[in-house]
Amino acid sequence: MKELSVHVRQQTRALLHKILLKKWRRKRESLLEWSIPIIIGLHMGLFSYLARNIQVLEVPPQDLGSLNEFNGSSLVVVYTPISNITQQIMNKTTFAPTMKGTRIIGVPSIEDLDEVLLHNIPDALGVIFNDSFSYQLKVLRMYGNPFLKEDLLAHCWDTHSQAFCSLSKYWERGFVALQTAINAGIIEVTTNHSVMEELMSIDGINMKTLPFIPRDLSDYEIFILFCLLYFSSFIYFASSNVTKERKQCKEVMKVMGLQDSAFWLSWGLIYVGFIFIISIFIAIIITSTQIIMMTGFLVIFTLFFLYGLSLIAVTFLMAVLLQKAVLTNLIVLFFTLFWGCVGFTVLHKELPPSLEWVLSIFSPFAFTSGMAKVIFQDYNLNGVVFPDPSGESYVMIAVFFILAFDSLLYLVLALYFDKILLYGAEHRSAPLFFLNPTSCFRKTANRNKVIERDLDPELPSDEYFEPVDPEYQGKEAIRIRNIKKEYKGKSGKVKALKGLFLDIYESQITAILGHSGAGKSSLLNILSGLYVPTAGSVTVYNKNLSDMQDLKEIRKAIGVCPQHNVQFDALTVKENLTLFAKIKGILPQDVEQEVQQILSELDMQNIRDDLAEHLSEGQKRKLTFGIATVGDPQILLLDEPTVGLDPFSRQRIWGFLKERRADHVILFSTQFMDEADILADRKVLIANGALKCTGSSVFLKRKWGLGYHLSLFMDETCDSERLTSFINHHIPYAKLKAKTKEKLVYILPLERTSEFPEFFSDLDKYSGQGLMSYEVSMSTLNDVFLNLEGEPSTKQDFEKRETATDSESLNDMEVAYPSLSQVQETVSTMSLWRMQVCAIARLRILKLKRERKAFLIILLLLGIALLPLVIEYVANALLEVKNNWEFKTDLYFLSPGQLPQGLRTSLLVINNTESNIEDFLQSLKHQNIVLEVDDFENRNATNSLSYNGAIIVSGRQKDYRFSAVCNTKRLHCFPILMNVISNGILHMLNHTQYIRIKEDIFSPFIVLVWTGIQETCLFILCVICSLSPHIAMSSVSDYKKKADSQLWISGLYPSAYWCGQAVVDISLFSGMLLTSYFTSYTSKLLNIDMTSEIVFSVIVLALGCAASLVFLTYVISFVFGKRKKNSTLWSICFLLVIAITFEKVANGPFNEALVISATMLVPSFALNGLLVVLEMRAYQYYIEFEEIKHGLSAVDLLLCLIPYIHTLLFIFVLRCLELKYGKNVVRRDPIFRIAPQSLKAQPNPEEPIDEDENVQAERLRTSDALSTPNLDEKPVIIASCLHKEYAGQKKHCCSRRTRNMAVRNVSFCVNKGEILGLLGPDGAGKSSSIRMIAGITKPTAGQVELKRLSSAVGHQGDSRAEFGYCPQENGLWPNLTVKEHLELYAAVKGLRKEDAVVAISRLVNALKLHDQLNVQVQNLVAGATRKLCFVLSILGNSPVLILDEPSTGLDVSGKHQVWQAIQAVVKDNEKGVLLSTHDLAEAEALCDRAAIMVSGRLRCIGPIQHLKRKFGQDYVLELRVKDVSQEPLVHREILKLFPQAARQDRCFSLLTYKLPVTDVHPLSQAFHKLEAVKHGFDLEDYSLSQCTLDRVILELSKEQELGTVYEEADMTLGRKLLPPSDEL
């Protein structure tokens, strides 16, 4: 092991470097991340600069005149109830000078009063008497009276001709005049003393107004809303990256030594830097464009910076709690908007200070509160400076403190829940771990405590378990005792491991074998510390795996290669290795050397600078293995480390492990039995979670009666029965395994090798009796695995079961596949189109139904949309109270003993009488008002802005004259002062009662209530319209899963794909739109009378708007969806576009042409456009007091029609995109009118050189086949001169893009009834060739022709054929079951429902999928998933089958089932199969011919035996010695007996040689010599086999690795080629 020193600082620096590299290389993502806040900032600055920064200069005092000057002749005053007192009061009112000509009407009830008011708009006022001293005035909302306590933003307006202030409306519109007349009437009725002249002579005066910035309330709300969303892009990408990295890599990195603090520090520091920079930008924008004029840069920057930090912290917290990137984004967005909108109450000054500080625990609320305070100070032209004598600076310091506290709190909670919540690894801390650090994992440790009696359990029977060699006694490195593991499934607990007892030894390679789902990965995950066992214990070098401290020590010595690949796609191979080397704690000075050593030993030097995302699956697997071995860990836990690797790479890894066997513990799982046979010293076989047997290959093969495979090739003259009798005579226990017309295969027992010399000597003499040739090979562990899988009790049972299973499976498959052509009937083109539309619609419904996360996201977004509605209701409720409020003195004036607070001041009384006014002052004091009295000569009341109001008393005693002076910021000052004066006069007349007055603002229609939330219903629709990316971007996930390619190849029409999705998406979306419409209506937020015409127009428009937005989203998905789905980001973009459009339309004068233009240019504005027109028209009727016309105008109809024009346009655009950039269709699309295209053969850029003679012959045959007019003579697949180049990466921005050649002038064809195997190492071009043949990738040059099925649908004149395709990636939907997949593809391929049932049933029977039929794909084991993908490819009656590594990940029995299915396909001589595989045993078992590709070229082609004879005529000899010290002696003896023997692998106790045929033949002499060596040197065993196809491929693969074949094409072709694009 390397010396390790794990430091958080080193890990943090490494992770920071990784993040920066990712940001730099993902330039589009980074540009989007930075551009959104920059655009928001520039928009706010430009908006403010152009139109909104108009400062109102100082307004001098204004004399409004006396009340006598008001002319109320046009007024209609209605009062209730009618009584003697009320009639007297109202009669007195008529004597007021202002009331001359006023009609006064008495009605019995409030309802009657409302009705009279409605019929006398606009000059109607209502009076409701509660008693003789209490009444309320009911006025129309349009009357213009202020209805808020305080206008925070624009209390006065500069109209150029004169200044106008809001509070003057009370005086000028007659409200105060009527109030004063009624007060005078009450006083006269009560005291029989007339004060009408005295009160009506009161003058009204406005104090002077200081300069201020007038802004509409909505301006600041929109400004704050933009500020709240300013960091949205950073939050989006932070949550996405952190959540995905935690899910994919963090736990594996923790196994390798990663500290939690390093992980969070790296992401935290990078985004602290980002927030810092972007906060500087927005602070500069806000201050330089004077959005905020009086507050400095530092305050704005600090406020934004701390708010951004809090959002990053809450993002980390939500990422830990929710563990889903999209859900995290939406919750943070909801959190921001909700609490930010609640913070608007601070802007309205509706919350008590204590509650405001309590709610500041939510950072968006605290931020909105801080912005509101800045706005208040700016409004008063004070600004926030430090220090500030007024104390406002300390309030901002408190806001800064609470934001910093919020950030710290969220971060602490994130780290806490990261410790205690179960995610990824099952090890977690106790909830109160911070109280006692030693208590961490106590529960787990106790539960899995080592039980002494388990340390030495009763060993299983020796019949199944080979005894351990004495040399390994005492070297037990890992001791597993009674390990059990259970998982919670939907149907109950699933037992993965059932009481395993096992020891793993040092200096020994141990392989874990078993079928898919046997428990191999569960065991390895437990040993690595990722999983916690349900019961039992594990010790590693006497350290308990369940103890936290021991686990940390164990992990320092562990290297883990999980089943999934672990790498960072944005990093190169070298950078990945460097990163993990630093995480593991390798000393900085040793990192480079360690990385170079790994690159060299695993032969990755040629791909060291390639990005991981551009590697093939095999190369990614090799990189993951390299990461596991960094630091030379003493314990290697490898879960299928060589899956997907080519033979050469596999041999490299085998050699690597063999060299490190000494003093190391190597435990690996595999589905590749040959790998276990060759590499592992000891095999452990697990079945259904239980241990079946352990031992070496020799033990297992001997135990289960397996040995050599003798293959005899004969002609028609050979008597097979006589030959069998001959063999049984020499080898009595020989068994016939397989028999064909040309070949017999026997199994010769391993213990009979002593009889082989005589047997082969006699067999050589038998060759003249029809025996053409023979070959011998050693049995593999495949046979052992197949026998052990069924758990029979005896060897005889093994033989019977093996024969029965093979015959039954083959019979089932032979019945299943031909039946497909029998049940398929021709259907018409349109019938097939309808079937496909229904199938895709059902697929979309199933995806929506099963994806609970998607539904939760939509519901959450709906909640965000309805959030302002809730706030609107709350605001309306508050306004209902305020609109019915009483004009009390405590609104503006202090009471005796009350400390100055809020808006209240003392009442200033100016004495201008030159006498004592003590009687009046006493009357005021009896109203509980704090007075401040001064003389007129000393104090100018109009300049006393520190007071809310003042009363100037003039005249003489007992005949006072009054002037009411009001601060223009106190909107309700005049009614209050008039009541104060009236009550003062009443008290001076020796009456103790006080007059009380309330105001009730009456709305005659359902109108939008101004609450500070701009057009709530429009906001709802804006958010709903922005939801289309969350609804209609399903195609992006199909593309990511490669499911769309599979559907297209299966014959799906492009139009059926889009229309099938649209049927569901439009229905769902239109339902949401209509719901939001009618929710707004029923919430009484719309000024619209819902007549039948309007309801119809709304429904039509909603359907059209839903269709246009859905198809617009489809276009966006097609163009931009090939990288990431980004539905949340697109929703934000939609929302911003709608908001900006509405802002431009709504803030100007109403213009129908502008609305139409906006609707045409912005499809998502269509629904809002009609709403704006209808609302504004109704509002115009309202303010002009006209009768509402309910009909639809031409503009309304045009607005309803525009979305349908958009829909047709987007469908046409989608059709054009499919035609130009889409995949080539199999059938002619009846709707899009897209026909299969014959690609013109482009000239090949290079000519073939130094080709093998068989390759040249194949090229000529392919050329002749293309020109053959006879269709019956044509092969089923013709690939002529295929050439493919991909664009490489730029080394830097100024360099030219390189061209990488994947396939170089390859020609071959597949005949009817033939299986052609396409073989070669990783990067040889196999998959690229298959994708070109399948039509997924367009060839750079060359031509492909496939056989067409004459009875298939829609092929008249088509140049493309329908075929079955099994891609390398499983293009499946995780939430769909196996049965649903099969039914979907059956419909797409045109099978009628009843036929599909039959076909599916037979295929399920043949491939043993009964138990998985109703299981979702995400719950299937890897083997079952791969099997399903294969079944989908053979479903239907396709003449061509193209299979790209179809058996990858399958266990042995699964592979055999797939092989039998493929053989059944070609049993019909009209069909052909092209097969790509890394499993050379599969190629030998299935392929009639094999084509081997190396470096993009076809190296050789021909029958398997031909290739063996041509390239691999040698034999392989393996000898296993008991005593290692005898190796040199044995080696010399072998060289003496076989002079040309070449030693191959140098492995512990295993000698491997390659022997030429001349040294081996005759076999009788070879076996005679080997028997002598076996007995002379006491060998454990030996085997002699003819060179396999594996060896042939291995030798040819070296050409690619060594660079002897490939040439330079701007770069080394030995490097991995870029992954192919799906674009044609």
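Using the three backbone atoms N, Cα and C, a Cβ is placed for every residue, glycine included.
If you look up Swiss-Prot, you'll see 31-51 (among others) marked as transmembrane segment. A Cβ distance under 8 Å defines the sequence-distant neighbours of the transmembrane segment (31-51), meaning residues of its chain 6+ beyond its ends; these are 223, 226, 229-234, 236-237, 278, 281-282, 285-286, 288-291, 1129, 1132, 1136, 1140.
Sequence-distant contacts (6 or more apart, same chain, Cβ under 8 Å) of ASN84 (N-linked glycosylation site) do not exist in this structure. Per Swiss-Prot, N-linked glycosylation site is recorded for ASN84 (among others), and the stated evidence type is sequence analysis.
The Cβ neighbour count for ASN91 (N-linked glycosylation site), using a 10 Å radius over every protein chain in view, is 12. Taken from Swiss-Prot, the feature N-linked glycosylation site covers ASN91 (among others).
Within the chain, the transmembrane segment (222-242) has long-range Cβ neighbours (under 8 A, six or more residues past its boundaries) at 19, 22, 29, 32-37, 40-41, 43-44, 267, 271, 274-275, 278, 282, 291, 304, 307-308, 311-312, 315-316, 318-319, 325, 328-329, 332-333, 336-337, 340, 343-344, 347, 364, 367-368, 371-372, 1014, 1128-1129, 1132, 1139, 1143. For 222-242 (among others), the entry in Swiss-Prot reads transmembrane segment.
Residues or ranges marked as transmembrane segment by Swiss-Prot on the basis of sequence analysis: 267-287 (among others).
Residues or ranges marked as transmembrane segment in Swiss-Prot: 297-317 (among others).
Feature annotation from Swiss-Prot assigns transmembrane segment to 326-346 (among others).
Look at Swiss-Prot and you will find 356-376 (among others) tagged as transmembrane segment, backed by sequence analysis.
Annotation comment: Swiss-Prot describes 395-415 (among others) as transmembrane segment.
As annotated by Swiss-Prot, domain 'ABC transporter 1' applies to 478-713.
Under the heading ATP 1 binding site, Swiss-Prot lists GLY514, HIS515, SER516, GLY517, ALA518, GLY519, LYS520, SER521. DSSP assigns GLY514 (ATP 1 binding site) to coil, not to a helix or a strand.
Reduced to three states, the DSSP call for ASN576 (N-linked glycosylation site) is helix. Around ASN576 (N-linked glycosylation site), the same-chain residues six or more apart in sequence whose CB sits under 8 Å from its CB are GLN567, PHE568, ALA612, LEU623, ILE627, listed in sequence order. As annotated by Swiss-Prot, N-linked glycosylation site applies to ASN576 (among others), with the evidence given as sequence analysis.
Marked as transmembrane segment by Swiss-Prot on the basis of sequence analysis: 854-874 (among others).
Here Swiss-Prot flags 971-991 (among others) as transmembrane segment, drawing on sequence analysis.
For 1005-1025 (among others), the entry in Swiss-Prot reads transmembrane segment.
Remote same-chain residues near the transmembrane segment (1058-1078) are listed as 836-841, 843-845, 848, 862, 865, 1020-1021, 1024-1025, 1027-1028, 1031-1032, 1034-1035, 1098-1099, 1102-1103, 1105-1107, 1109-1111, 1114, 1167, 1214, 1231 (criterion: CB distance under 8 Å, separation of at least six residues from the stretch ends). The transmembrane segment feature in Swiss-Prot is assigned to 1058-1078 (among others); the stated evidence is sequence analysis.
SER516 (ATP 1 binding site) and ASP1322 (ATP 2 binding site) have their C-alpha atoms 25 Å apart, to the nearest angstrom. Between the transmembrane segment (297-317) and the transmembrane segment (395-415), three or more CB pairs separated by 6 or more residues in sequence fall under 8 Å, so the two stretches touch. Local packing around the Cβ, expressed as the count of other Cβ atoms within 10 angstroms, is greatest for SER1327 among the binding-site residues SER516, SER521, SER1327. Put simply, SER1327 is the one of the binding-site residues ASP1322, GLY1325, SER1327 whose Cα lies nearest to the Cα of ASN91 (N-linked glycosylation site).
Sequence-distant contacts of GLY517 (ATP 1 binding site), defined by Cβ-Cβ distance under 8 angstroms and a gap of at least six in the same chain, are VAL1421, GLY1423.
Summary of the ATP 2 site environment: with the site residues GLY1320, PRO1321, ASP1322, GLY1323, ALA1324, GLY1325, LYS1326, SER1327 set aside, the chain residues having Cβ atoms within 8 Å of the Cβ mean position are SER616, ASP646, MET1493. Residues SER669, ILE686, VAL1421, ASP1451 surround the recorded ATP 1 site, their Cβ atoms falling within 8 Å of the Cβ centroid of GLY514, HIS515, SER516, GLY517, ALA518, GLY519, LYS520, SER521, which are themselves excluded.
When Cβ atoms from all protein chains are considered, those within 10 Å of GLY519 (ATP 1 binding site) total 25, not counting its own. Cα of GLY1320 (ATP 2 binding site) to Cα of GLY514 (ATP 1 binding site): a span of 27 Å.
Residue environment of LYS1326 (ATP 2 binding site) contains 29 other Cβ atoms, counted within 10 Å of its Cβ in all protein chains. You'll find the Cα of GLY514 (ATP 1 binding site) roughly 26 Å from the Cα of ASP1322 (ATP 2 binding site).
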